[in-house]
Amino acid sequence: MKDLSIRIAVVGAGGRMGRQLIQAIEQMDGVVLGAALERSGSSLLGSDAGELAGLGKNGITVNESLDAVQNDFDILIDFTRPEGTLAHLAFCRLHRKGMIIGTTGFDDAGKAAIKQAAQDIGIVFAANFSVGVNVMLKLLEKAAKVMGDYTDIEIIEAHHRHKVDAPSGTALAMGEVIADALGRDLKSCAVYTREGHTGERDPKSIGFATVRAGDIVGEHTAMFADIGERVEITHKASSRMTFANGAVRAAIWISSKESGIFDMRDVLSLDDL
């Protein structure tokens with residue numbers, strides 16, 4: 001029998017990621033779906049969340065109001081958009097609910113609001129919840145320390161046509177890890193577009209290239225290129241379930257934290273390696 005002690009609310013339950021999260025919760029021990037939410041006016045309101053996810057009826061009705069399900073969940077998982085996530089964050093902070101944030105595209109003010117809320121609740125805020133991506137970030141840190149000062153560094157990412165922010169949060173996280181390892185400020189050394197006569201490449205720059213096409217789930221490559229050789233570290237996701245499973249794993253982990261902001265490196269204890 002499933003341990004019902006950790007009840008999870010999924011925001012955006014009818015979306016691609018929301019349905020995968022509901023499936024992941026159903027498959028993982030120690031958690032149960034406590035609430036499923038959709039935006040006001042959605043045609044999915046009133047639907048059974050289990051049926052939406054292709055699992056059959058589970059008795060959880062898709063709701064539009066966090067107030068209505070306040071007592072039905074302990075941890076909220078949010079992979080929506082910045083403005084919605086910040087509204088959900090305020091609710092969770094007020095009612096002392098832990099939060100898993102997979103939303104990307106926050107500006108500096110949004111990131112500051114998340115850090116401030118973490119004074120009162122436990123938050124896992126990560127650009128990518130895939131175990132493989134987070135192992136890749138650790139590898140990038142090590143590669144940058146060995147090769148970064150004498151190679152040209154480029155980050156290439158590809159996603160489906162529906163993704164609305166670029167570069168991806170994961171690509172930016174890759175850049176941050178590399179820049180930090182080299183003692184550089186990513187805001188100062190990042191190059192996001194190249195067009196026309198650009199001049200010679202700045203050897204201290206970190207370049208970004210973006211592809212948006214078809215149904216690509218997510219592909220990320222960091223290239224360390226020297227004269228005569230280059231090293232490429234790549235992660236390719238073939239299913240959103242890898243992100244969903246990681247997010248549910250993070251929800252279990254954060255349930256024991258009263259406050260603080262963490263990422264998947266904390267959840268996976270990667271800094272201990």
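Glycine too: its Cβ is placed from the backbone N, Cα and C atoms.
Note that the structure is a prediction, hence the values are computed from the model and not measured.
The candidate list GLU38, GLU83, GLU141 contains one residue that Swiss-Prot assigns to the NAD(+) site with GLY12, ALA13, GLY14, GLY15, ARG16, MET17, GLY102, THR103, THR104, ALA126, ALA127, ASN128, PHE129, namely GLU38.
Between the C-alpha atoms of ASN128 (NAD(+) binding site) and THR170 ((S)-2,3,4,5-tetrahydrodipicolinate binding site), the distance comes to 6 Å. Under the DSSP three-state reduction, GLY12 (NAD(+) binding site) is assigned to coil, being neither helix nor strand. Ranked by Cα separation from THR103 (NAD(+) binding site), the recorded positions HIS159, HIS160, LYS163, GLY169, THR170 are led by GLY169.
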